[in-house]
Ligand SMILES: Nc1ncnc2c1ncn2[C@@H]1O[C@H](COP(=O)(O)OP(=O)(O)OP(=O)(O)O)[C@@H](O)[C@H]1O
Ligand SMILES: [Mg+2]
Ligand SMILES: [Mg+2]
């Protein structure tokens, strides 16, 4: 695809800067340069890098196509229609008066990466179902709505995740993954464009609804904090998420950063340097977090001293505070190993981006996939299988939700473990399966009894699983034994 001149559209010109007005205030990354450099050279390099980053985003297909966007909009529209008819049915089942059945309504509010406009074609749609008080979660949501969705031809792989902090239904709709949590409000009629930041709507709601609404509130607050140049913020975040994925440090279940963590970190930098170019924002981001004095929490709003004290008390290694009220943490399962990996990646990216005059600079190097087989000589393979594809997802989802414990067991024995979040399929096996390969560093003990590790992990896995468990095998591989 041809890359348009950066000044040809209002959005693109926003990502780079005009020639500097004088006297000039240099952006903060310039302090890294030992000798004075002419500002115009800095600005030209900065703009060039911003342009090549935009080109890189296009090459990587980071922005979904118009057709993909249209498909997502249609999915949301259909979901809204489904919950509208569902709430009427529930109102009727609850024997509400006829006029109330007629006037009642429920809606869908999107949040997460889709709500922020930073999704890509692999992202799920996080869609909150908001309904009136009379529709219960246990029966009306998890049974009645579940059954309605299950009957739809567009829906596949539907399952309920009831035990999560934010209980939800997860399924695919027309091939797009949907996370559907639930919130009940003290209303009979939930307007489609309901303003969830209005305290009026948050009166007397139950705890689960409060937690479920948190994602939508956080998204809205973040957009309030970055009111101008939203497109630039979105591009910054898209790039950073791709970087984290490529470098193997994206994925909350594996102890890495999730979308919400990346969002708050990016917003922290964006708030302070909203006038900077896309390149400068990325440089400053890496500079900021390469040297961040963890466990000092990253806080978006001023005046959150109380929260900071609480943050230190929770002993989180990388505390990141959500901009909602009451201030809460982004939950994370960061361990000592993943903490080390994330910090190392911040530092690597900072070292690669810091020199604006670097002649051979290309973004591809910054985004290069993490070379696991070169870095680690040993791996633990976690092989999960199930006789049928449909239930494999549930089984894998369950085991993944317990991965932090496995990571901690391995860390205890091995000292360090790098849980590569990528899911592979072992093509040599006939049964539906998923395999993970986690990097191990040579440790004080040359021998690891993987059978013991498995035994310990199985106790954790077996506790609370409602379905029929699948197979799980752990083995140690050399780098040379990794599949291509
Ligand atoms: N660990 C967490 N702590 C607090 N809120 C979370 C956490 N994980 C998810 N959420 C909420 O759920 C939303 C959706 O999470 P999800 O895991 O789908 O990530 P995402 O930001 O949408 O990125 P992706 O593109 O990978 O889906 C987040 O925006 C956030 O509001
Ligand atoms: Mg999401
Ligand atoms: Mg999600």
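Positions of Cβ are set from backbone N, Cα and C atoms, glycine also.
Summarising the annotation, TrEMBL assigns domain 'Poly(A) polymerase nucleotidyltransferase' to 45-226.
What TrEMBL records for 124, 125, 126, 179, 241, 250 is ATP binding site. Under the DSSP three-state reduction, residue 250 (ATP binding site) is assigned to strand. Neighbours of residue 250 (ATP binding site), defined as other CB atoms within 10 A of its CB across all chains, total 21.
Look at TrEMBL and you will find 124, 126 tagged as Mg(2+) 1 binding site. DSSP assigns residue 126 (ATP binding site) to a strand in the three-state reduction.
Look at TrEMBL and you will find 124, 126, 179 tagged as Mg(2+) 2 binding site. Within 10 Å of the C-beta of residue 179 (ATP binding site) there are 20 other C-beta atoms, taking all protein chains into account. DSSP assigns residue 179 (ATP binding site) to a strand in the three-state reduction.
What TrEMBL lists as domain 'Poly(A) polymerase central' is 233-368.
Sequence annotations record features per position, and here TrEMBL assigns transmembrane segment to 248-270 (among others).
Annotated transmembrane segment per TrEMBL: 276-294 (among others), in sequence order.
For the transmembrane segment (248-270), same-chain residues at least 6 beyond its ends with a Cβ under 8 Å from one of its own Cβ atoms are 112-113, 116, 118, 215, 218, 222, 225-226, 232-233, 236-237, 240-241, 281, 284-285, 288-289, 298-300, 318, 320-323, 330-335, 337-338, 341-342, 345, 369-370, 372, 400-401, 403-404, 407, 418-422. Neighbour counts were taken as the number of other C-beta atoms within 10 angstroms of each residue's C-beta; across the binding-site residues 124, 126, the minimum falls on 124. Within the same chain, the residues at least 6 positions away from residue 241 (ATP binding site) whose Cβ sits under 8 Å from its Cβ are 113, 118, 250, 259, 262, listed in sequence order.
A Cβ distance below 6 Å to any atom of ligand 1 is met by none of the binding-site residues 125, 241, 250.
Selection of the binding-site residues 125, 241, 250 by a Cβ distance under 6 Å from ligand 3 yields an empty set.
The Cβ of residue 125 (ATP binding site) lies under 8 Å from the Cβ of 72, 75, 76, 110, 112, 114, 119, 176, 177, 178, 179, each on the same chain and at least six residues away in sequence. Closeness to ligand 2 is met by 124, 126, these being the binding-site residues among 124, 125, 126 whose Cβ falls under 6 Å from the molecule. Mapped onto DSSP helix, strand and coil, the domain 'Poly(A) polymerase central' (233-368) counts 75 helix, 6 strand, 55 coil.
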